[in-house]
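**Student:** Sharing the feature lines straight out of Swiss-Prot:
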type     : residues                       : note
ACT_SITE : SER170                         : active site, nucleophile
BINDING  : GLU205, ARG208, ASP210, ASP213 : Ca(2+) binding site
DISULFID : CYS20-CYS26                    : disulfide bond
DISULFID : CYS108-CYS119                  : disulfide bond
DISULFID : CYS255-CYS279                  : disulfide bond
DISULFID : CYS303-CYS314                  : disulfide bond
DISULFID : CYS317-CYS322                  : disulfide bond
DISULFID : CYS452-CYS468                  : disulfide bond
DOMAIN   : 356-468                        : domain 'PLAT'
CARBOHYD : ASN352                         : N-linked glycosylation site
CARBOHYD : ASN427                         : N-linked glycosylation site
REGION   : 92-104                         : region 'Required for galactolipase activity'
REGION   : 256-278                        : region 'Required for galactolipase activity'
SIGNAL   : 1-16                           : signal peptide
Amino acid sequence: MLLCWIVSLLLATVGGKEVCYGHLGCFSNDKPWAGMLQRPLKIFPWSPEDIDTRFLLYTNENPNNYQKISATEPDTIKFSNFQLDRKTRFIVHGFIDKGEDGWLLDMCKKMFQVEKVNCICVDWRRGSRTEYTQASYNTRVVGAEIAFLVQVLSTEMGYSPENVHLIGHSLGAHVVGEAGRRLEGHVGRITGLDPAEPCFQGLPEEVRLDPSDAMFVDVIHTDSAPIIPYLGFGMSQKVGHLDFFPNGGKEMPGCQKNILSTIVDINGIWEGTQNFVACNHLRSYKYYASSILNPDGFLGYPCSSYEKFQQNDCFPCPEEGCPKMGHYADQFEGKTATVEQTVYLNTGDSGNFTRWRYKVSVTLSGAKKLSGYILVALYGNNGNSKQYEIFKGSLKPEARHVRDIDVDINVGEIQKVKFLWNNKVINLFRPTLGASQITVQSGVDGKEYNFCSSDTVREDVLQSLYPC
């Protein structure tokens, strides 16, 4: 908010109350769109000609080369590969990004591996590659263009808006919010990928993405730290039916802080440094893309706070189940039971980012108290995990240690576990320690696996435990 206000003061004031752009209607520069604390500057969005929004259609039949379609030229749709019996997913980029190639096309191609779909990449680069404040105002025109295309699909081709899914990253999240508002919430689904904070957070619902914009709105927050001083580009405000906050929503694993991120101006980010400066912000669309091919690896846990989630207070999933973050969030039966449902999960730091959550309880056995740490690995019918530290400190016989772990692979049905301990101290008496019982509980369904052993082992020697 503060950054938008500062930038606004540096620009000249534009007079007038509204500007009209033909079939898209008129756009006011008065409240709540402008003249607010978060948006003090009364400027207009650019014209459709200046923004030059393009709709690039990819389908299973043309996964590599787009077909440009236009709402003002319906024949471009009729003679394209657009299929009326398929769902249509629009993907909209954000600030200084583009709609051709890159992550948008990659997301389409992942969709083609799991479904027959019309995938439309929305390119509004000419409207996004300007000062941030102007780009934020331009989102209204881009949203209007999308809404008009959906209306043409409905009136000219009988295609229901309920079959439309709008996906938007950063400023693109508010673009699709505007489109949904103009379609009076009849769009089937909207997904906001780290909706942009500056010029939007705290504003009335008609200005930003909100749950009334679609029949179902899901949001992934990955950069929700305050814009000042942490340069968090994303909203912390909950704006969907389901609001996912992976890793707490502020700092993503694998995104390292750097000195540049503390001094760079949002209007000065250049394309080649996006991953360097905005790593957290970009994680949202990377998580979504990965979820398409890994539907079970992003299970979220409804919880009131990340602290409670980390304390395992929201584990396992309740009887009604847990929602999946990303592509399959709409499979959750309770998705629209209420708005602003808060969901937490942890992810990996690289690769496909997937994780599976378990609660592990270890009961120790041995002759005397030792100090050190204990590790446990899970072995299942789908593979085995790496070793995870369960406890570090005083290791007392009969003591029980509990910890939740986020496992790097889906091991499936757990068949055995392996225990290891170490204190990294040379001991001539070669003491032994073991696990008499290890209980593993799955977060998905609460199922418990119990493993037992009467053995003890020396440090750095694996102990295998089998079902009791």
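Backbone N, Cα and C atoms are what each Cβ position is placed from, and that goes for glycine too.
Help me picture these features in the structure, burial and contacts included.
**Tutor:** Mapped onto three states, the DSSP output places SER170 (active site, nucleophile) in coil.
Note on ASP213 (Ca(2+) binding site): other Cβ atoms within 10 Å of its Cβ, all shown chains, come to 29.
CYS20 (disulfide bond) falls within a strand when secondary structure is assigned with DSSP.
DSSP assigns CYS108 (disulfide bond) to a helical segment in the three-state reduction. For CYS108 (disulfide bond), the same-chain residues 6+ apart in sequence whose C-beta sits under 8 angstroms from its C-beta are TYR58, PRO63, ARG89, ILE91, CYS119, CYS121.
Under the three-state DSSP scheme, CYS255 (disulfide bond) falls in the coil class. Other Cβ atoms within 10 Å of the Cβ of CYS255 (disulfide bond), summed over all protein chains shown, number 20.
Remark: CYS314 (disulfide bond) has TYR301, PRO302, CYS303, SER304, LYS308, TYR344 as non-local neighbours, by Cβ distance under 8 Å and separation of at least 6 in sequence.
CYS322 (disulfide bond) falls outside any helix or strand according to DSSP and counts as coil. Over all protein chains present, the Cβ of CYS322 (disulfide bond) has 22 other Cβ atoms lying within 10 Å.
A sphere of 10 angstroms centred on the C-beta of CYS452 (disulfide bond) encloses 14 other C-beta atoms. DSSP gives CYS452 (disulfide bond) a strand state.
If you draw a 10 Å sphere around the CB of ASN352 (N-linked glycosylation site), it holds 17 other CB atoms from the protein chains shown.
In the predicted model, the region 'Required for galactolipase activity' (92-104) shows an average pLDDT of 94.
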**Student:** Name the one residue among GLU205, ASP213, CYS279, CYS452 whose Cα is closest in three-dimensional space to that of SER170 (active site, nucleophile); these are the recorded positions.
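**Tutor:** Answer for the nearest of the recorded positions: CYS279.
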**Student:** Cβ under 8 Å to the region 'Required for galactolipase activity' (92-104), counting only same-chain residues 6 or more beyond its ends: which ones?
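**Tutor:** For the region 'Required for galactolipase activity' (92-104), the list is 54, 56, 66, 121-125, 128-129, 132, 135, 142, 146, 166-173, 175-176, 196, 266, 269-271, 274, 285-286, 289.
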**Student:** For the domain 'PLAT' (356-468), DSSP counts of helix, strand and coil?
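**Tutor:** The composition, in the requested order, is 0 helix, 72 strand, 41 coil.
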**Student:** Can you give me the same-chain residues 6 or more apart in sequence from CYS279 (disulfide bond) with a CB-CB distance under 8 Å?
**Tutor:** MET252, GLY254, CYS255, GLN256
**Student:** I need the neighbours of the Ca(2+) site defined by GLU205, ARG208, ASP210, ASP213. Which other residues of that chain put their C-beta within 8 angstroms of the C-beta centroid, in sequence order?
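**Tutor:** For the Ca(2+) site the neighbour list reads GLY177, ARG181, GLU206, VAL207, LEU209, PRO211, SER212, VAL239.
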**Student:** Between CYS452 (disulfide bond) and ASP210 (Ca(2+) binding site), what is the CA-CA distance rounded to a whole number of Å?
**Tutor:** 51
**Student:** Go through GLU205, ASP210, our binding-site residues, and report the one whose Cβ sees the most other Cβ atoms within 10 Å.
**Tutor:** ASP210
